[in-house]
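Remarks on the structure that follows.
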Amino acid sequence: MSNRQQLPIGVFDSGVGGLSVLKVLQEQFPNEDFVYIGDNANNPVGNRSDDEITALACRIADALENQPVKLIVIACNTFTVVALDAVRARVSVPVIGVSQGVKSAIDASKSNTIGIMATVATVNSHIHKHVALEVDHEILVWEQPCPELAGLIEQGHLDDHFVRDVCSEYLEPLLSREIDVVVLGCTHFPFVQPLLEELTEGRIRFIDPAFETSELVRRTLAGNDLFNPQKTSGSVDLYFTKDIVLGDMLSASFLDTSRRTIEYITL
Ligand code: DGL
């Protein structure tokens, strides 16, 4: 057993969004320890410039590397599409970004027309379209920017008229096309998946790419001989840069909290 294997996996996002990824990672790797940083003082990042997004991502990655961690998972689509290369160049541990989830979406679509809901920065990168066309060059992809949604979710609007109104607005172009599958291209969005399903009355299937991301993590842990050999359940240490209230509430509802800590952090 090496010391490296016993280190935690670092996970980060601009707030609570990455908890939707951490949930799946904890289910898939129950013996791993996790350290999570949600930089909610700077949320939302999806409407910022690429330079700002990159600087924020690098600062969080530095904090995780100093923990130390054995692997970093960028549990945020925006940080992944804008800053993955910069973070990889900066730290000495393997770095994984979120999967685009388009393979699952293409497999599930009968109309061969899929939608993507994501932040402005992620939509502007057209990453989902590029990856989708590599998988199937005949696929039609509608990229729907959702500039207000992550910020609303971060403020705790999970099912009220504010979030209903913006979701209805963003769903309208998707519902007016032959789109039967939509990728949740922002890690905050799984928290409003029940609302999106209600508003689309079962006409659209929503894909959360977190499972695809966990498979990337599995391959990286295996490839680098990094699985934690401990037999007990792993711990989860959560840090937020602004307030911990929403992170506390959400994580308590779906993470194993027997070995969970949650604290404020200054980066
Ligand atoms: N959760 C992030 C994502 O997946 C972004 C939210 C934000 O705009 O800060 O893109």
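Keep in mind that glycine also has a Cβ here, set from the backbone N, Cα and C atoms.
Because the structure is a prediction, the values reported are computed rather than measured.
Pulled from TrEMBL, these are the features on record:
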ACT_SITE  C76  active site, proton donor/acceptor
ACT_SITE  C186  active site, proton donor/acceptor
BINDING   D13, S14, N77, T78, T187, H188  substrate binding site
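Other Cβ atoms within 10 Å of the Cβ of T187 (substrate binding site) number 31 in total over all chains.
The residues near the substrate site, meaning same-chain residues not in D13, S14, N77, T78, T187, H188 whose C-beta sits within 8 angstroms of the mean position of the site's C-beta atoms, are G15, G17, G18, V45, G46, A75, C76, F79, T119, A150, C186, in sequence order. Other C-beta atoms found within 10 angstroms of the C-beta of C76 (active site, proton donor/acceptor) number 34, with every protein chain shown included. On the backbone, the CA of N77 (substrate binding site) and the CA of C186 (active site, proton donor/acceptor) stand 5 Å apart.
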